[in-house]
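Presented below is the structure to which this report refers.
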Amino acid sequence: MDDLIIAGEKFSSRLIMGTGGAPSLEVLDQALVASGTELTTVAMRRLDPASRGSVLDVLRRRGIKVLPNTAGCFTAGEAVLTARLAREALETNWVKLEVIADERTLLPDPIETFDAAERLVADGFVVLPYIGDDPALARRLEQAGCAAVMPLGAPIGSGLGIRNPHNIELIVEAASVPVILDAGIGTASDAALAMELGCDAVLLATAVTRAQRPDLMATAMKEAVVAGRLARQAGRIPRRRYAEASSPMTP
Amino acid sequence: MDVIVGGGVVGLSIAWRLARAGRPVTVVDPAPGRGASYAAAGMLAPVSEVTYTEVPLLRLGVASLRRWPGFAAELADDAGLEPGGLDLRSDGTLDVAFGADDMAVLDEMAAYLDKLGLPVERLTGRECRRLEPMLAPSVRGGLLAPGDAWVDPRRVTAALLAALERRAVPVVRERAAGLLHDGDGAVVGVRLETGGELRAERVVLAAGAWSTELAGVPVRPVKGQIMRLRSPQPLLGRCVRGAVHGASVYLVPRGDGELVVGATQEEMGFDTRVTAGGLYELLRDARELVPGVTELEVSDVVAGLRPGTPDNLPLIGPSGTQGLVYATGHHRGGVLLAPLTTAVLMGEESELAALCAPGRFRDFS
C-alpha cells in the first residue's frame, strides 16, 4: 500500500488510533500494536504529560507518533491554549483540533473550529481539524492552511458508521490535503467503506477500545483499511441492474 | 520483624493479619489512612464494575467480597467496635439507564454477566424507582447486582489503627525515604526521611501510588476527585450508578446520612488539587440520577491517587528481590481487595495469587 503523507511526513499505516475508552493500559497497548498504527491521538485535558507510566509512555515505547487533541474544549480560546500547552509539553507542533458544540451530541462547532484553525496555523501549528461532513467547511479549512481535514462519519462513540457517504465523496473530490474519516466507525466494514470512498486515512478509538476483544477488532480495522484502500485504487466495477456473465455463454 | 510501608487500607490490613498471626510488625506512613483510602467510596462491587477484558479482576473481586463479612466482623471485634461499626452493607448495586442507548448497554451487560454465571436482575424504570424513590423519573430501567456491597473506608482504616494499637503494633508516622539493601542486593529494611532506619526481615511495599518512588514497580497515580454530601435522612438505600453523557457516576449512601459521589479518573501525576470542572461534572451527573442531591450539604471534597497498573490488576507477592514483598497497584479496588490481599500474602489463595504475581511485568518496563 502507498504511504500516507501529512504535512510532508510519511506514514505506512493509514489507520490513526485514539486512546479513549480503553479499560486498561495493557489492553490499549495490545490494541495499538495489533492495529499497526503509527499515529495516535491523546486528549490533553486531564493528562499531565510529565507523569510517568501514562498512556504517553505506551506510545513512546511503541514508537507511535503522538497527535495531541483538544477534546473537551468548547471555545476557540480554550483550544488554542490547549494546543500551545501540548506543543510545549510534547515538543510537537501537530494538533488535532476539536472544538465541541455540546455535550449530548459532541458535534464539532464549525465557527469556533475555523476561528481556532486560523489562529493555530498563523502560530505555526500543523492543524488537523475535526469537522462535520460539510464540503464547504472542509474547503475553507484547507484554504486556511490546515494540513488535513477530518470529517466525521457519525457522532463520536456512536458506532453508526458513515451516515452521509455522498458528502464524504464530495469532500474527497475537492480536497488536495488528506481527508481523514474521523468518528462514527463501528466495525471493520465502516472503515473499509471510508477508504473506498477515497479517504486517505481513518481515525477511530471506541470501536476498538470498547469491543469485547479490542486486539482482535484492531486487527480487523487494520485489514479493513488496507482492503478499502486497495479497492479504491483498483477501481470498482460499475453497478448494473442485470447480470453480466463473467465467462462467455457461447463459445 | 516485618515492616509494612504504607498505612492505607491494604498496608494496615496486612499488618493486622500478621499481628494476629503473632508476627512482630511495624507500619511506616506519615499519615496513615489519609491516602487513597481516605478518598475511596468503599464500593465492594466486583459484579457491577466488570468489563469485557477484566475477568481476572472480577475473579479477585468476587473472592475478596466473599471474605469481607468475616473480615469486618473480626476487625470490629478486634478494634472494640459494635458489630456493624464499619457500616458494611450488602444491599446490592443498582445500575440505571436513561435513554435507549444506555438501555442497550445494560442489556448487553446483563447478557454478559449471565454468561459468566453471575446473578443480576433486569428492572423496569418503575421497579427501579420502587426500590429507590429518589431516582429521577426519567430512569428507563436498571440492572441490580444484588450481591454487591459497600463499606466506609474511613471507618475501616480507623478500626485497623485501633486494632493495631490494642495489639501494640508500632505505627511510625514518617515517610519511608528508601529501602536498605545488603551487599547481595537483598532488602533488609527501610530508611526513614528523618534519617532513622528500621531493620526488617521482610519489607512489604504497600505504598499505593507512591510505591514507584521506592521500587521499580509499574504503578502510576490515577487521580480521582470525590465529593461527600450529607442529609439528615439517607437519600438512597443502596449504591446507585449510571452513565450520564457516557461518563459513569456513582452514589454510595452511608447509614449516617452521608452520600458519596464519585469519581473522576485523571492522569495528572501526583496532583491532588480539587478542580471546579471535576466537582461540576460529579454534581451535574449525580443530579441527573438523583435530582434531590442539590439540596444536600457538601461536607467534604477531596482528590486521591489510585495506584494504577498497566493491566489494572494488583501486584501481590514476592518482588523478585530477596526481603521485598509487594502489595500495591490496587487501582480502584484497594478497599475491595484488602481481605484477599492479606490472604494471598498468607498463602491461602495460591490459584488467585498467580493473577497478581509481580513477575508478570518483568518484561514490561
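Every residue gets a Cβ built from N, Cα and C, even glycine.
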Among A:Gly145, A:Gly157, A:Gly235 - the residue TrEMBL places in the same 1-deoxy-D-xylulose 5-phosphate site as A:Ala183, A:Gly184, A:Ala205, A:Thr206: A:Gly157
Among A:Ala183, A:Ala205, the one of these binding-site residues whose Cβ has the fewest neighbouring Cβ atoms within 10 Å: A:Ala205
Spatial separation of A:Lys96 (active site, schiff-base intermediate with DXP) from A:Ala183 (1-deoxy-D-xylulose 5-phosphate binding site) - C-alpha basis, Å: 13
A:Lys96 (active site, schiff-base intermediate with DXP) and A:Gly157 (1-deoxy-D-xylulose 5-phosphate binding site), Cα-Cα, nearest whole angstrom: 17
Env. residues of 1-deoxy-D-xylulose 5-phosphate site, Cβ within 8 Å of mean position of A:Gly157, A:Ala183, A:Gly184, A:Ala205, A:Thr206 Cβ: A:Gly18, A:Pro155, A:Ile156, A:Ser158, A:Gly159, A:Ile185, A:Leu204, A:Ala207
A:Gly184 (1-deoxy-D-xylulose 5-phosphate binding site) to A:Lys96 (active site, schiff-base intermediate with DXP) - Cα separation in whole Å: 17
A:Lys96 (active site, schiff-base intermediate with DXP) and A:Ala205 (1-deoxy-D-xylulose 5-phosphate binding site), distance between Cα atoms, whole Å: 14
Secondary structure of A:Thr206 (1-deoxy-D-xylulose 5-phosphate binding site) (DSSP, helix/strand/coil): helix
Proximity to chain B among recorded positions A:Lys96, A:Gly157, A:Ala183, A:Gly184, A:Ala205, A:Thr206, where any Cβ pair is under 8 Å: A:Gly157
